[in-house]
Amino acid sequence: MRAAKSSRSNPRALCVRIVDEVVARRRYLDAALDEHLPRAPAAARAFIQEMAYGTLRWFHQLAAIAALLLERPLKQKDRDIHALLLIGLYQLRSMRLPAHAAVTETVAAAEALGKPWAKNLLNACLREYLRRAARLDEVIESDPVLQYSHPAWLTEEIRGVYPEHWEQVLAAGNERPPMVLRVNLLKNSRAEYLARLKTAGLAAAPHPAAESAVTLETPVAVAELPGFAQGCVSVQDAAAQLAAGLLDAQPGERVLDACAAPGGKTAHLLERTPTLAECLALDADPARTALIEQNLARLGLQARVVVGDAAAAATWWDGRPFARILADAPCSATGVIRRHPDIKLRRRPEDLPKLIETQRRILDGLWPLLSRGGKLLYATCSILPRENEQQIEAFLARHADAREAPLAPPVGLARAAGRQILPGMEGMDGFYYAGLRKI
Amino acid sequence: MALRTILHYPDPRLRRTAQPVAAVTDAIRALIADMAETMYGAPGIGLAAVQVDEPYRVVVIDISESRDQLQVFVNPEITSREGEQQMEEGCLSVPGIYEPVTRAARIKMRALDREGKPFELETAGLLATCIQHEVDHLDGKVFVDHLSRLKQSRIRKKLEKQSRLAM
C-alpha cells in the first residue's frame, strides 16, 4: 500500500497545482493558496507557500534555465512536470535545503503526480543544473529580462519610463515585502502599540512615512498580532497609509471612497477623522463589499457600504455632493509585484488599454459628484505613467473646472502631474497619488 | 538483499491466491529482506509478496514517519472486523491512483513473525486499513476492486496506456 499523503498532500505536488493554476489559468495566487493549503499537513504549509511565491517570483528566470536544460520542450499536457522542474530549480537556487534532498524529493513528487516516467528526466535536469550552475548564471546575467525575472514587455516599459531607476524598480519587485501595520490611533497610540508588540516578543519599528505605520521585523500570522481581533491594528503597507493624510478629510465633511474594497483605506479615513458627516464606501463587487463590512466591524467603525459602479453614479448616487472623494482605481498593480508575484504572469500588455479606459470612466464619472472647492485624490498601485500622470494630464485637459492640487506631504518622486512612489522607496509599495481640486 | 520489480495492475499475476508458508526458512527471511528494501525504495507503507511475483503469504508494513518500524506478517489471518472507516488508498501496483476505500475500522488478526513465532494483534486506523489492503493482495485482490465499475475501467485504461508509453 502507498500512503495517500504521498499524493494529494505531497508538498511539492501540491505546489505544482498551485503554480500551474496561476500560470495556465491566470488564477490569483492568493485564491489558489486558500484552496490548496488547507489540504497540506500544517507543518508543510509555510514551506509550500515559500516555494509557490518563490517559483512565481523567479518564473521567467527559472523557465529560461529549464529551457536550457531540457533536450526538447515538454508537451502542453505535461505542464505539471514543467512546473515541478521550476519548483526543483527554485529550491536549488534559493532555499536553504541540502541539494541532494531537494533533488530526491522533487523527483519523488513526479510519482505523486502520477507521472513516474518523468523521474529520470527531472533527475537528469536537476543534476545537470548543479553541474552547470555557474555557466547558467552568466547567461542569466547577460539579459535583464532573465536577471530581474519580469516579463519582457514590462521590463522594456519600466526601462523606458525610469531610465535612472529601472534596475532598482525591477530588483524591488523581487524583494520579500515587509509586513507593515496600521495602528488604529482611535484605540491606541503608535508608541503604545509598539510596546504591546515588544511585550508579545515581536520586533518592530515605527515607519518614517506615515504616523500610524509600524514595520514588523518578521512577518507573522495576523492572529498573533496583539489586539488584532479587537481592532487595535490592521495590515496595510505604508504607501497605502498615505492616502488618508493626502485626502485630508475634515470633520463634518461628506466623503466618498469610490473603489473601497477590501476597506483598508475606508477604515483609515474613519480612524483619522471619526467625525465625518458621512463616509460612503462603494465597490462594484458584492463579494468584496462584504469584506469592507467585516473590516469595519472588526475595527468598530461605521460607514455606508454600497454596491455600485464608480463610473455609473446614476445607479446609486442620491445627488448630494461629496467634499472629498478617494478614487483608488483598478490598475495594473505593477507597484505591488513584490507582494503579488503572480502579477508578472497574470498581467498582459493587452490588459492595459482596458484598465486605462476604466480609470478614465471612473474619474469622469466621479467628477460631477464632487462639490465646488472639493478635492478628489486619485490613487493607483501602478508605476506605469500611462495609468498615472498621463491619465491625470488627460483629465485636466478634458475638464476646465479641474486644477491639480499639490500634495502635502510631497511623497515619492514629482512627475508631470502627481507623485510617484517607486517600490522599495522607504521600504514602501509602489504607489501613485494625484490631487484634483474643483474650481 | 535486492530490489524486486513490482507488478503493475492489471497484471494477471496479481490475481493469484498466495500459498501459506510451511516454515519460516532462511529463504523466506531473504524474501522478507528484499520486500522491505523494495517497499522503502518505492516508497510505500506496505507490500505483499504477490506484488513482487512471489506467491507466498508474506506481508511487510511500516507506517511510521521515521521509516524504521518494520512489521512482518507471515500467514496473516484476520479473525474479526468491526466498524467502518474510509481512507484514501494508493498502491505500489497501481501507480498514481488514489481513491477512498471503506474497510473495517478495527481488526483482530494473527500471524507469524520473521522467526516463525505466532503472535496476535488488535489494531485500528491506518495500520488496520493497511493490513486489510495487503491481506487482499494475498487473496488476489487489489484495492481498485473496491471501487465502482466505471472507476475501475478508467484506471485500467490509464495504466495500460502508461505501460505502453513506458515500453
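Just so it is clear, glycine is given a Cβ too, placed from its N, Cα and C backbone atoms.
Record features, source TrEMBL:
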- A:Cys381: active site, nucleophile (ACT_SITE)
- A:Cys259, A:Ala260, A:Ala261, A:Pro262, A:Gly263, A:Gly264, A:Lys265, A:Asp283, A:Asp309, A:Asp328: S-adenosyl-L-methionine binding site (BINDING)
- A:169-439: domain 'SAM-dependent MTase RsmB/NOP-type' (DOMAIN)
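Positions of the features from TrEMBL, shown on the structure.
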| residue | record | contacts (Cβ under 8 Å, 6+ apart) |
| --- | --- | --- |
| A:Cys259 | S-adenosyl-L-methionine binding site | A:Leu282, A:Asp283, A:Ala284, A:Ala310, A:Ala327, A:Asp328, A:Ala329, A:Pro330, A:Ile362 |
| A:Ala261 | S-adenosyl-L-methionine binding site | A:Asp283, A:Asp285, A:Arg288, A:Thr289, A:Leu291, A:Ile292 |
| A:Gly263 | S-adenosyl-L-methionine binding site | A:Ala281, A:Leu291, A:Ile292, A:Glu293, A:Gln294, A:Asn295, A:Leu296 |
| A:Lys265 | S-adenosyl-L-methionine binding site | A:Ala240, A:Ala243, A:Ala244, A:Asp257, A:Leu326, A:Asp328 |
| A:Asp309 | S-adenosyl-L-methionine binding site | A:Ala284, A:Thr315, A:Trp316, A:Gly365 |
| A:Cys381 | active site, nucleophile | A:Ala239, A:Ala240, A:Cys331, A:Ala333, A:Thr334, A:Gly335, A:Val336, A:Asp429, A:Gly430, A:Phe431, A:Tyr432 |
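In this model, the domain 'SAM-dependent MTase RsmB/NOP-type' (A:169-439) carries an average pLDDT of 96. In the three-state DSSP assignment, the secondary structure recorded for A:Lys265 (S-adenosyl-L-methionine binding site) is helix.
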